[in-house]
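Handing you a structure now.
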Amino acid sequence: MDPPEKAQKRRNTAEPPAAQDGGYAWFILVSCFFVFGLTFGVIKSFGVFYVEIQQYFETTAAGTSWITSITVATIHIAAPIASALSARFSYRSVVIMGGLICSAAVVFGAFARNLTELYITVGFLNGFGYALTWTPAVTMLGMYFEKKRPVVNALASAGECILTFSLTPLFQLLIDSFSWRGALLILGGLQLNLCVCGMLLRPLRTLRDGTHINMGKEEQENLPIEDLDETKLSFQIESEMNILELSAQETVKDCVEDPDETSSLTKTSTSSQKRTKLRTTIQYYVDYTLITNGRFMVYSMFGVFAALGFFAPSLFLVPYARSKGIKEYQAAALMSISAVLDLFGRVFFGWVANLRLVETVQQLTATVILLGTVLLLCPLASTFSELVAFSAAHGLVYGATVAIHITVLPEVVGVERLGSALGFFMLIRSSGGLLGPPIAGFFIDKMENYGTGFIMSGVALIVSALFLLILHQMNRRGQGTITATNTAHK
């Protein structure tokens, strides 16, 4: 076996440094742009299917809303699986497989004979395919970009807005021409483009020696202590086996004069190496130590309550407009109006976040509170012009929120743990995505008013902002501790 120094030198020679913030990274951005559009853009546009499916199967609002709920929840729950599969195989192959699953699931859903079959196909299987495409694409985007990460995340998520703007009237036209079943068949073919997005995901090769993760003293002083530990985690895991092996060899060498003691030590060291190798392997695929990170768990709780209010409004906006006497195509146009302002909000506020005028957590807190307030005001809108104003305001603030809420995650855990962190964050957030639309549908059925669903979503978002305030205080406390430590050393 080669010494660790030679093995490390060989790895450094074979793997060139990562080219971030430019070059092929822009193709990764294009891929992620369409992944956003063909996943969450389709979910937001699914509201036009909502009324047709509800009338066809003669079911309730809550019953139909489970289709979207299961899709969203499966995306979140399966995210750690997608992260682990990407680490085991490759981001490219996982995204291609996800695209094939999405396409097949929606095509099978077009032949559903009852709601249960729609839950399984368009809900569960389609959501699982979305998880296999969205999670690796977003993770790779974060790896390819560093300085431009906020604005690039905003541009990628803009794909959701543009395709929502395009797909909502298209779906309505397809439903009128071919029924909702024919529209689902065409959607299944459209989602094969996710496989093309996967082909663009070229693996990123990085230096894995200690110099890749070492920081200067000035940069270390600007980070919380726990972030410094997390930054060095990947190097520690990689070198742990070598250290243990060298230690065992030296101990056996020192005790070679005593055969019995040597045999006992050899067995002990072999057992320790197996345990360490197993722990290192598991941690490479799924970094379970994230659950001990207080800041990460607080941010995950924000995700749970935010998910309760994120998806219900787009699902119920078209039915709410129809209940107010708005015509079908005018109701569908509301989603397009929201998507246009959503696009502007993502790009503009992503650019603002990139300027670093304020902390990203503070900006996110302000936009979440504004979004909750706008949703609480929705029941006051009853005419088409009022609903246009609501759709525009909701799209603008929603875009401002979505543009930066994923950007905060690498700031909380570090880019080295982004893959596992994104998987765990989506998993924890899954409860909110699963329960949000059915809870809103329950209130709608009880009150016989779609406006109550928007009120529930607004309250959930304002509650989620409280966790962002807690995270901000934890960040300030960490910065204060570092400042005090540096002063003491001086």
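From the backbone N, Cα and C atoms, a Cβ is placed for every residue, glycine too.
Note: TrEMBL annotation is automatic and uncurated.
A quick note: this is a predicted structure, and the numbers were derived from the prediction, not measured.
TrEMBL feature annotations, pasted as is:
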- 21-43: transmembrane segment (TRANSMEM)
- 25-476: domain 'Major facilitator superfamily (MFS) profile' (DOMAIN)
- 63-82: transmembrane segment (TRANSMEM)
- 94-112: transmembrane segment (TRANSMEM)
- 118-144: transmembrane segment (TRANSMEM)
- 151-174: transmembrane segment (TRANSMEM)
- 180-201: transmembrane segment (TRANSMEM)
- 296-317: transmembrane segment (TRANSMEM)
- 329-352: transmembrane segment (TRANSMEM)
- 364-382: transmembrane segment (TRANSMEM)
- 388-409: transmembrane segment (TRANSMEM)
- 421-444: transmembrane segment (TRANSMEM)
- 450-471: transmembrane segment (TRANSMEM)
Six or more residues beyond either end and a Cβ under 8 Å away: which residues meet both conditions relative to the transmembrane segment (21-43)?
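Tertiary neighbours of the transmembrane segment (21-43) are 68, 71-72, 75, 95, 102, 130, 133-134, 137-138, 140-141, 144-148, 152, 155-164, 167, 187, 190-191, 193-194, 196-198, 200-202, 311, 314.
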Counting only pairs at least 6 apart in sequence, do the transmembrane segment (329-352) and the transmembrane segment (63-82) share 3+ Cβ pairs under 8 Å?
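Counting Cβ pairs under 8 Å (6 or more apart in sequence), the transmembrane segment (329-352) does not reach the transmembrane segment (63-82), since there are fewer than 3.
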Between the transmembrane segment (364-382) and the transmembrane segment (296-317), do 3 or more CB pairs sit under 8 angstroms, pairs being 6 or more residues apart?
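Yes; at least 3 Cβ pairs under 8 Å.
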Where, among 118-144, 151-174, 180-201, 388-409, do we find the most CB pairs under 8 A to the transmembrane segment (364-382)?
388-409
Checking distant contacts: for the transmembrane segment (151-174), what same-chain residues at least six beyond its ends satisfy Cβ-Cβ under 8 A?
29, 32-42, 44-49, 138, 141-142, 145, 182-183, 186-187, 314, 328-329, 332-333, 335-336, 338-340, 342-343, 346-347, 349-351, 353-354, 395, 399, 402-404, 406-407
How about long-range neighbours of the transmembrane segment (388-409): same chain, 6 or more residues beyond its ends, C-beta under 8 Å?
138, 149-150, 153-154, 157, 160-161, 299, 303, 306, 310, 313, 317, 334-335, 337-350, 353, 360-361, 363-364, 367-368, 370-371, 374-375, 377-378, 381, 418, 421-422, 425
